[in-house]
(Lines of atoms letter the chains of each structure in order from A; the text may use other names.)
(Lines give C-alpha, C1' and ligand atoms only; values in the text may rest on other atoms or scores of the structure.)
Protein backbone atom coordinates (compact mmCIF):
# COMPACT_ATOMS: atom_id res chain seq x y z
CA UNK A 1 0.00 0.00 0.00
CA UNK A 2 1.57 3.33 -1.08
CA UNK A 3 1.94 6.23 1.33
CA UNK A 4 -0.57 8.37 -0.58
CA UNK A 5 -3.05 5.52 -0.68
CA UNK A 6 -2.65 4.96 3.06
CA UNK A 7 -3.16 8.66 3.80
CA UNK A 8 -6.27 8.75 1.60
CA UNK A 9 -7.73 5.77 3.46
CA UNK A 10 -6.87 7.46 6.77
CA UNK A 11 -8.63 10.65 5.71
CA UNK A 12 -11.74 8.80 4.49
CA UNK A 13 -12.04 6.76 7.69
CA UNK A 14 -11.36 9.88 9.76
CA UNK A 15 -14.31 11.59 8.07
CA UNK A 16 -16.53 8.55 8.68
CA UNK A 17 -15.50 8.35 12.34
CA UNK A 18 -15.91 12.08 12.95
CA UNK A 19 -19.33 12.19 11.29
CA UNK A 20 -20.82 9.15 12.99
CA UNK A 21 -19.23 8.77 16.43
CA UNK A 22 -21.60 11.11 18.25
CA UNK A 23 -24.65 10.80 16.03
CA UNK A 24 -27.19 8.07 16.89
CA UNK A 25 -26.34 6.11 13.74
CA UNK A 26 -23.56 3.73 14.92
CA UNK A 27 -19.99 4.57 13.96
CA UNK A 28 -19.22 0.85 14.18
CA UNK A 29 -21.65 -0.02 11.40
CA UNK A 30 -20.18 2.62 9.12
CA UNK A 31 -16.56 1.77 9.91
CA UNK A 32 -16.93 -1.94 9.14
CA UNK A 33 -18.65 -1.21 5.81
CA UNK A 34 -16.18 1.46 4.68
CA UNK A 35 -13.17 -0.45 6.01
CA UNK A 36 -14.30 -3.56 4.16
CA UNK A 37 -14.89 -1.68 0.90
CA UNK A 38 -11.45 -0.05 1.18
CA UNK A 39 -9.79 -3.36 1.99
CA UNK A 40 -8.51 -1.95 5.28
CA UNK A 41 -9.10 -4.66 7.87
CA UNK A 42 -7.16 -6.68 10.43
CA UNK A 43 -5.17 -5.78 13.55
CA UNK A 44 -3.68 -2.56 12.16
CA UNK A 45 -7.14 -1.37 11.14
CA UNK A 46 -8.52 -2.08 14.62
CA UNK A 47 -5.67 -0.13 16.22
CA UNK A 48 -6.22 2.72 13.76
CA UNK A 49 -9.90 2.90 14.73
CA UNK A 50 -8.92 3.16 18.39
CA UNK A 51 -6.52 6.03 17.67
CA UNK A 52 -8.94 8.08 15.58
CA UNK A 53 -11.60 7.71 18.28
CA UNK A 54 -9.30 9.84 20.42
CA UNK A 55 -9.67 12.60 17.83
CA UNK A 56 -13.44 12.45 18.18
CA UNK A 57 -13.18 12.54 21.97
CA UNK A 58 -10.93 15.59 21.79
CA UNK A 59 -13.63 17.38 19.78
CA UNK A 60 -16.09 16.95 22.67
CA UNK A 61 -13.49 18.21 25.15
CA UNK A 62 -12.92 21.32 23.03
CA UNK A 63 -16.65 21.88 22.56
CA UNK A 64 -17.59 21.46 26.23
CA UNK A 65 -14.37 22.35 28.05
CA UNK A 66 -15.97 24.93 30.35
CA UNK A 67 -18.71 22.52 31.38
CA UNK A 68 -16.21 19.68 31.89
CA UNK A 69 -14.00 21.81 34.13
CA UNK A 70 -17.12 23.01 35.95
CA UNK A 71 -17.95 19.41 36.83
CA UNK A 72 -14.80 19.24 38.94
CA UNK A 73 -15.34 22.66 40.48
CA UNK A 74 -13.06 24.72 38.23
CA UNK A 75 -14.73 27.73 36.65
CA UNK A 76 -13.36 30.26 34.17
CA UNK A 77 -15.32 33.49 34.36
CA UNK A 78 -19.01 33.27 33.65
CA UNK A 79 -19.90 29.72 32.57
CA UNK A 80 -20.84 29.25 28.95
CA UNK A 81 -24.41 28.10 28.62
CA UNK A 82 -25.92 26.04 25.86
CA UNK A 83 -29.60 25.96 25.04
CA UNK A 84 -31.59 24.42 27.84
CA UNK A 85 -28.90 24.97 30.47
CA UNK A 86 -29.43 26.94 33.65
CA UNK A 87 -27.15 27.68 36.60
CA UNK A 88 -24.58 24.87 36.59
CA UNK A 89 -26.21 22.29 38.85
CA UNK A 90 -25.05 19.31 36.81
CA UNK A 91 -22.35 17.67 38.91
CA UNK A 92 -19.68 15.03 38.63
CA UNK A 93 -22.03 12.70 40.52
CA UNK A 94 -24.42 12.75 37.55
CA UNK A 95 -21.58 11.66 35.26
CA UNK A 96 -20.41 8.95 37.65
CA UNK A 97 -23.95 7.58 38.00
CA UNK A 98 -24.24 7.55 34.22
CA UNK A 99 -20.97 5.62 33.93
CA UNK A 100 -21.39 2.92 36.58
CA UNK A 101 -23.76 0.45 34.85
CA UNK A 102 -21.82 0.20 31.58
CA UNK A 103 -18.43 0.19 33.30
CA UNK A 104 -19.43 -2.71 35.55
CA UNK A 105 -20.96 -4.77 32.73
CA UNK A 106 -18.15 -3.86 30.35
CA UNK A 107 -15.47 -5.09 32.74
CA UNK A 108 -17.37 -8.25 33.67
CA UNK A 109 -18.15 -9.26 30.10
CA UNK A 110 -15.32 -7.63 28.12
CA UNK A 111 -14.31 -10.77 26.21
CA UNK A 112 -17.91 -11.73 25.48
CA UNK A 113 -18.64 -8.25 24.15
CA UNK A 114 -15.61 -8.38 21.86
CA UNK A 115 -16.81 -11.71 20.49
CA UNK A 116 -20.04 -10.01 19.37
CA UNK A 117 -18.12 -7.80 16.97
CA UNK A 118 -19.19 -9.23 13.63
CA UNK A 119 -21.38 -7.98 10.75
CA UNK A 120 -24.49 -10.00 11.64
CA UNK A 121 -24.62 -8.70 15.22
CA UNK A 122 -23.91 -5.14 14.07
CA UNK A 123 -26.74 -5.40 11.52
CA UNK A 124 -29.25 -6.49 14.17
CA UNK A 125 -28.02 -3.79 16.56
CA UNK A 126 -28.58 -1.13 13.91
CA UNK A 127 -32.19 -2.23 13.52
CA UNK A 128 -32.96 -2.53 17.25
CA UNK A 129 -31.28 0.80 17.95
CA UNK A 130 -33.41 2.42 15.26
CA UNK A 131 -36.56 1.00 16.82
CA UNK A 132 -35.48 2.42 20.19
CA UNK A 133 -35.08 5.89 18.67
CA UNK A 134 -38.61 5.66 17.26
CA UNK A 135 -39.94 4.44 20.62
CA UNK A 136 -38.21 7.33 22.40
CA UNK A 137 -39.83 9.88 20.10
CA UNK A 138 -43.27 8.28 20.42
CA UNK A 139 -43.25 7.56 24.16
CA UNK A 140 -41.36 10.54 25.58
CA UNK A 141 -43.38 12.86 27.89
CA UNK A 142 -45.08 15.74 26.08
CA UNK A 143 -43.38 18.18 28.43
CA UNK A 144 -39.87 17.15 29.53
CA UNK A 145 -39.30 17.01 33.27
CA UNK A 146 -35.71 18.07 32.68
CA UNK A 147 -35.66 20.69 29.90
CA UNK A 148 -31.99 21.49 30.56
CA UNK A 149 -28.85 19.68 31.70
CA UNK A 150 -29.00 21.30 35.11
CA UNK A 151 -32.55 20.08 35.69
CA UNK A 152 -31.51 16.44 35.53
CA UNK A 153 -31.88 14.28 38.64
CA UNK A 154 -29.48 11.62 39.86
CA UNK A 155 -32.09 8.99 39.04
CA UNK A 156 -32.34 10.18 35.44
CA UNK A 157 -28.54 10.11 35.12
CA UNK A 158 -28.38 6.56 36.46
CA UNK A 159 -31.19 5.35 34.20
CA UNK A 160 -29.43 6.87 31.19
CA UNK A 161 -26.39 4.89 32.33
CA UNK A 162 -28.49 1.73 32.30
CA UNK A 163 -29.57 2.46 28.74
CA UNK A 164 -25.92 3.01 27.86
CA UNK A 165 -25.36 -0.70 28.57
CA UNK A 166 -27.19 -1.39 25.31
CA UNK A 167 -24.24 0.20 23.52
CA UNK A 168 -22.04 -2.69 24.67
CA UNK A 169 -23.77 -4.50 21.81
CA UNK A 170 -21.54 -3.54 18.84
CA UNK A 171 -23.41 -1.42 16.34
CA UNK A 172 -26.09 -0.19 18.75
CA UNK A 173 -24.63 3.33 19.10
CA UNK A 174 -23.69 4.75 22.47
CA UNK A 175 -25.22 8.13 21.68
CA UNK A 176 -28.39 6.50 20.35
CA UNK A 177 -28.81 4.45 23.52
CA UNK A 178 -28.14 7.31 25.95
CA UNK A 179 -30.17 9.94 24.11
CA UNK A 180 -33.14 7.58 23.74
CA UNK A 181 -32.88 6.64 27.41
CA UNK A 182 -32.75 10.27 28.43
CA UNK A 183 -35.84 11.17 26.42
CA UNK A 184 -37.79 8.22 27.84
CA UNK A 185 -36.77 9.40 31.33
CA UNK A 186 -38.19 12.86 30.66
CA UNK A 187 -35.03 14.71 29.61
CA UNK A 188 -35.42 17.02 26.62
CA UNK A 189 -33.95 15.94 23.30
CA UNK A 190 -31.33 18.72 23.44
CA UNK A 191 -30.30 18.14 27.06
CA UNK A 192 -30.16 14.37 26.56
CA UNK A 193 -27.84 14.92 23.60
CA UNK A 194 -25.55 17.21 25.58
CA UNK A 195 -25.43 14.77 28.50
CA UNK A 196 -24.59 12.00 26.04
CA UNK A 197 -21.62 14.01 24.77
CA UNK A 198 -20.36 14.77 28.28
CA UNK A 199 -20.77 11.15 29.32
CA UNK A 200 -18.81 10.08 26.25
CA UNK A 201 -15.59 11.71 27.44
CA UNK A 202 -14.77 9.46 30.43
CA UNK A 203 -16.48 6.41 28.92
CA UNK A 204 -14.70 6.57 25.58
CA UNK A 205 -11.37 7.64 27.07
CA UNK A 206 -11.43 4.64 29.40
CA UNK A 207 -12.47 2.16 26.73
CA UNK A 208 -10.06 3.62 24.18
CA UNK A 209 -7.14 3.60 26.62
CA UNK A 210 -7.79 -0.08 27.38
CA UNK A 211 -8.03 -1.00 23.70
CA UNK A 212 -4.93 1.04 22.86
CA UNK A 213 -2.95 -0.68 25.61
CA UNK A 214 -3.94 -4.08 24.24
CA UNK A 215 -3.21 -3.02 20.65
CA UNK A 216 0.09 -1.27 21.34
CA UNK A 217 2.10 -4.11 19.81
CA UNK A 218 0.54 -3.50 16.40
CA UNK A 219 1.76 0.11 16.21
CA UNK A 220 4.83 0.81 14.07
CA UNK A 221 6.71 4.02 13.26
CA UNK A 222 5.63 3.59 9.65
CA UNK A 223 2.00 4.03 10.70
CA UNK A 224 2.52 7.39 12.42
CA UNK A 225 1.67 9.61 9.44
CA UNK A 226 -1.42 7.57 8.59
CA UNK A 227 -2.64 7.59 12.18
CA UNK A 228 -1.97 11.33 12.49
CA UNK A 229 -4.03 12.12 9.39
CA UNK A 230 -6.91 9.97 10.66
CA UNK A 231 -6.74 11.53 14.13
CA UNK A 232 -6.74 15.13 12.88
CA UNK A 233 -9.46 14.48 10.31
CA UNK A 234 -11.69 12.77 12.88
CA UNK A 235 -11.19 15.69 15.30
CA UNK A 236 -12.09 18.42 12.80
CA UNK A 237 -15.05 16.55 11.33
CA UNK A 238 -16.39 15.55 14.77
CA UNK A 239 -16.25 19.17 15.91
CA UNK A 240 -18.32 20.27 12.92
CA UNK A 241 -20.68 17.29 13.28
CA UNK A 242 -21.39 17.98 16.97
CA UNK A 243 -22.14 21.66 16.37
CA UNK A 244 -24.37 20.86 13.39
CA UNK A 245 -26.16 18.05 15.22
CA UNK A 246 -27.02 20.25 18.21
CA UNK A 247 -28.50 22.84 15.87
CA UNK A 248 -30.34 20.23 13.82
CA UNK A 249 -32.17 18.56 16.70
CA UNK A 250 -33.80 21.86 17.60
CA UNK A 251 -35.82 21.47 14.41
CA UNK A 252 -36.23 17.75 13.70
CA UNK A 253 -36.92 14.52 15.57
CA UNK A 254 -34.76 11.39 15.61
CA UNK A 255 -37.08 9.51 13.24
CA UNK A 256 -34.89 10.33 10.19
CA UNK A 257 -31.87 8.94 12.05
CA UNK A 258 -33.80 5.74 12.78
CA UNK A 259 -34.71 5.33 9.12
CA UNK A 260 -31.09 5.95 8.16
CA UNK A 261 -30.01 3.19 10.57
CA UNK A 262 -32.32 0.74 8.79
CA UNK A 263 -30.69 1.72 5.49
CA UNK A 264 -27.21 1.13 6.94
CA UNK A 265 -28.36 -2.25 8.29
CA UNK A 266 -29.50 -3.15 4.78
CA UNK A 267 -26.12 -2.01 3.44
CA UNK A 268 -24.34 -4.28 5.94
CA UNK A 269 -26.46 -7.19 4.71
CA UNK A 270 -25.70 -6.43 1.05
CA UNK A 271 -21.95 -5.98 1.62
CA UNK A 272 -21.35 -8.96 3.90
CA UNK A 273 -24.09 -11.45 3.00
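Every residue gets a Cβ built from N, Cα and C, even glycine.
As stated in Swiss-Prot, the feature transmembrane segment covers range 6-26 out of the listed 6-26, 69-89. Only pairs six or more apart in sequence are counted, and the transmembrane segment (6-26) with the transmembrane segment (116-136) gives three or more Cβ pairs under 8 Å, enough to call it a contact. Tertiary neighbourhood of the transmembrane segment (45-65): same-chain residues 10, 13-14, 17-18, 21-22, 31, 35, 194, 197-198, 200-201, 204-205, 208, 211-212, 215, 218-219, 223, 226-227, 230-236, 238-239, 242-243, selected by CB-CB distance under 8 Å and a gap of 6+ residues from either end.
The transmembrane segment (116-136) makes no contact with the transmembrane segment (222-242): fewer than 3 of their CB pairs lie within 8 A, with pairs spaced 6 or more apart in sequence.
Counted as Cβ pairs under 8 Å, contacts with the transmembrane segment (190-210) are highest for 90-110 among 90-110, 222-242, 252-272. For the transmembrane segment (222-242), the list of distant contacts is 3, 6-7, 9-11, 13-15, 17-19, 21-23, 44, 47-48, 51-56, 58-60, 62-63, 197: same-chain residues at least six beyond its ends, Cβ to Cβ under 8 Å.
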